[in-house]
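**Student:** Encoded as C-alpha cells, here's the structure I'll be asking about.
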Amino acid sequence: MAPPLCSACASAPAAALRPATRTPVCRACFIAQFEEEVHATIVSASLFAPGDRVAIGASGGKDSTVLAYVLGELNKRHNYGIELLLLSIDEGIAGYRDDSLMTVVQNETDYNMPLSVVSYKQLYGWSMDEIVKAVGLRNNCTFCGVFRRQALDRGAELLGATKVATGHNADDAAETVLLNVTRGDTARLARCASASTGLSGDRAAGDEGEVSSLPRVKPLMRTYEKDIVLYARFNRLKYFSTECTYAPGAARGHVRDFVKNIERLRGDAVMSVVGSAEDMHVVAPKTTAPKLGKCRVCGYLASRPVCKACDLLRELDRKLPGRRAESASAPLNNSEAAAAFDARKLVVERAGNASTACGGGGVCTNEVCNKA
Ligand SMILES: [Zn+2]
Ligand SMILES: [Zn+2]
C-alpha cells in the first residue's frame, strides 16, 4: 500500500507521523515545521538578543547536536545576530564521554562553530570514574549534576558567553515536572517547565540548590524527543546515542517509563504535563530568591557560605583522605581554570584520526551509522 500523502503539502508521500497529532508529513514539510516550532519558542520566550554570545552545552548526544544545527540554521534565516559556540564538559567517563567527545569534534567542523572543552578533572581534581570508585553508584548523579552545572557556567564565562543554551526537550521537562510532583516541590515545579532561567535577573537554582551565573535558555523545551530523533535522521546529523555508563537515578528511570507508557495512549501527554506545570505558576507559593554571595573555598557564585560543588568535594575528601595530597581537592578558581583551558587540544588528540562519529571501529554504537 502506498504511504498516505503529506498533510501539509498534499503532494509528497508522507515520511513520518507527528507524535502529538499523528498527522502524516513528508520529509521537507517535517523539517520546515520543526524549525519554525523551535523559532516560535525562541521568539515567544525572548531567548536571544542581537549580540548574544551563546555557549551551547554540547554533549555529542542527539539533543545538543540537533540544538547546535538548528540554531545555526535559524540564526542565518531569521538574523538573530548571535554568535554560537560549542562547549563540552568532559566528566571523565571512559568509553562514554571519550567517544561522545569525538562526535562534538566532528560537529565543530560540520557546523563551523568553535569548540572548547572543560573537564571535571581540570576544575575539581576528580573524574567521574574516580568519584564512582569513591562513592559507588548510589549518589553519583548528584555529584555529576552539581559539577556539570557549575562547569558549564565556568566554561561559558571563560569564553565570554552571555548565555548558556542546553538541549533539554519536552520529554525531559515532563519527567522533571513529575519528579517535582512526587517530591511535593511546588516552587521548583512552577519554574522547571520554563524555556529559560535567569533572563530577568532571577537566579534559578538547580536540583541541588546550586545557582547559575549566566542565563540558561532551552530552545527545544517545547520539542518532542521523537521529533528530535526524526529531525536528526532526516538531516543525517551525526550524534552519539549510548546512554551514560552510570545510568540515571532510579526515580527518574521510573518516571521516564511512566511518561513513555502514557504517551502511547495519548500522543500529546508529554506537552500536557509540561503545560500543566506552566499553568501552575499562578498558584505556586512565592519563594524568596536565595541571597547570592561567593563561595568561601573556590570564590564561585553560591547561595551559601560554601558552594555545593565544594561541599561535595569535602565529602569525597572524607571518603578518601589520602587522595588530598595527590589532587587538587578545591576546585580551580577561574584564573587557574583559564590557564588550564586549552583542553580543546586534548579532545582532538583523543579523536585521533577517527573518520566517523563512532570511530569506525566496526562495533558502531552510533544510531545514525547503524540506521543510515
Ligand atoms: Zn509535505
Ligand atoms: Zn566553591
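Just so it is clear, glycine is given a Cβ too, placed from its N, Cα and C backbone atoms.
Pulled from TrEMBL, these are the listed features:
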type    : residues                                          : note
BINDING : Gly57, Ala58, Ser59, Asp63, Ile89, Gly167, Asp172 : ATP binding site
DOMAIN  : 54-256                                            : domain 'tRNA(Ile)-lysidine/2-thiocytidine synthase N-terminal'
DOMAIN  : 293-321                                           : domain 'Cytoplasmic tRNA 2-thiolation protein 1 C-terminal'
**Student:** Summarise the model's confidence over the domain 'Cytoplasmic tRNA 2-thiolation protein 1 C-terminal' (293-321) as a mean pLDDT value.
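**Tutor:** Residues in the domain 'Cytoplasmic tRNA 2-thiolation protein 1 C-terminal' (293-321) carry a mean pLDDT of 84 in this prediction.
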**Student:** Applying a 10 Å Cβ distance cut-off over all chains shown, what neighbour count does Gly167 (ATP binding site) have?
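**Tutor:** Step by step: centre on the Cβ of Gly167 (ATP binding site), count other Cβ atoms within 10 Å, giving 23.
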**Student:** Only counting partners 6 or more residues apart, tell me which same-chain residues put their Cβ under 8 Å from the Cβ of Ile89 (ATP binding site).
**Tutor:** Gly57, Ser59, Val117, Val118, Ser119, Tyr120, Arg148, Ala151, Leu152, Gly155
**Student:** Tell me, by DSSP, whether Ala58 (ATP binding site) is helix, strand or coil?
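**Tutor:** In three-state terms, Ala58 (ATP binding site) counts as coil.
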**Student:** In the domain 'Cytoplasmic tRNA 2-thiolation protein 1 C-terminal' (293-321), how many residues does DSSP assign to helix, to strand and to coil?
**Tutor:** 13 helix, 4 strand, 12 coil
**Student:** Determine, from DSSP, whether Ile89 (ATP binding site) sits in helix, strand or coil.
**Tutor:** strand
**Student:** For Asp63 (ATP binding site), which residues in the same chain are close in space, meaning a Cβ under 8 Å from its Cβ, but six or more apart along the sequence?
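**Tutor:** When sequence neighbours closer than 6 are ignored, Asp63 (ATP binding site) has Gly167, His168, Asn169, Asp172, Leu220, Glu225, Ile228 within Cβ distance under 8 Å.
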**Student:** Taking the Cβ of Ala58 (ATP binding site) as the reference point, list residues of the same chain whose Cβ is under 8 angstroms away and which are at least six residues distant in sequence.
**Tutor:** Ser64, Thr65, Ala68, Leu86, Leu87, Ser88, Val104, Asn107, Leu115
